[in-house]
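Here is what TrEMBL records for this protein:
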type	residues	note
ACT_SITE	C175	active site, nucleophile
BINDING	Q48, E98, D147	S-adenosyl-L-methionine binding site
REGION	190-218	region 'Disordered'
Amino acid sequence: MAKGQHLPLLKKSPNPEDLPCELVAGESCIHEELLSLKFRISPHSFFQVNTAAAEVLYSTVGDWAQLDQDSTVLDVCCGTGTIGISLAKRVKKVIGIELCQEAVEDAKVNAKLNGLSNVEFHCGRAEDVFPDILNALVSPNLTAVVDPPRAGLHPKVVLAIRRAEHLKRLVYVACNAKAAMTNFIRSVQSSIQPGPRSPFPSSQSHGRGSVPPDHACGNAASVRESGLQIPRADMTRFNYKIHYGSCVSV
């Protein structure tokens, strides 16, 4: 390279959701069944490809959420609505939040495919939409299920969770244990000043592989409101253990 010349700036890879899709042959969407439910999936929508493992994972989420007919579920980063729709028949209402517009349209179609009328979906960034929806809800039995991408939850979402005194339980589905750990720490630390409520201590974790072990592993962690079942605690008092294919209480 001649003196005075500069290397060209590397262009950032385009967001896959911004790339156009062209239908060459066949149907524009694919259809899957999960937990005896039907789902439409568009090209840009997220859906767990290992349905057998996803069924075990989502069943664990349903068990840990401890839901009843008076429950309201916030399904954050809901994709095509799989988790919320799988829980809808046992609760009063499900509210899904998802960034991808295509996935939101799929989720709405999937609710109709499964004959559900107590489910609604909102499109937007979780950090922008979740706090407003959370603050507007007055349900006495409110549970949040979060299934964020590999980067984890945005700090604004964690802060909104910490400030929500009426949120009774949080179930976290993680595809990246390191990012999840950062969110866990901020959820249980008593040293930060998030608002009037106590921190969320962890109650249990479950590792379940949804893709090969050398890639992401789908894990679920359940945390309960301080004062309901376990006392206020600082992060230093907990030993987080997430094992591939095992279930550990902490």
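From the backbone N, Cα and C atoms, a Cβ is placed for every residue, glycine too.
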Maximal Cα-Cα distance (Å) across residues annotated as binding S-adenosyl-L-methionine, namely Q48, E98, D147: 15
Densest Cβ neighbourhood among E98, D147 (binding-site residues), 10 Å radius: E98
The residue listed as 'active site, nucleophile' and E98 (S-adenosyl-L-methionine binding site), Cα-Cα, nearest whole angstrom: 16
Integer Å distance between the CA atoms belonging to C175 (active site, nucleophile) and D147 (S-adenosyl-L-methionine binding site): 8
Of Q48, C175 (the recorded positions), the residue whose Cβ has the fewest other Cβ atoms within 10 Å: C175
C175 (active site, nucleophile) and Q48 (S-adenosyl-L-methionine binding site), distance between Cα atoms, whole Å: 11
Beyond the site residues Q48, E98, D147: chain residues whose C-beta lies within 8 Å of the centroid, for S-adenosyl-L-methionine: F46, F47, C77, C78, G79, T80, T82, I83, V173
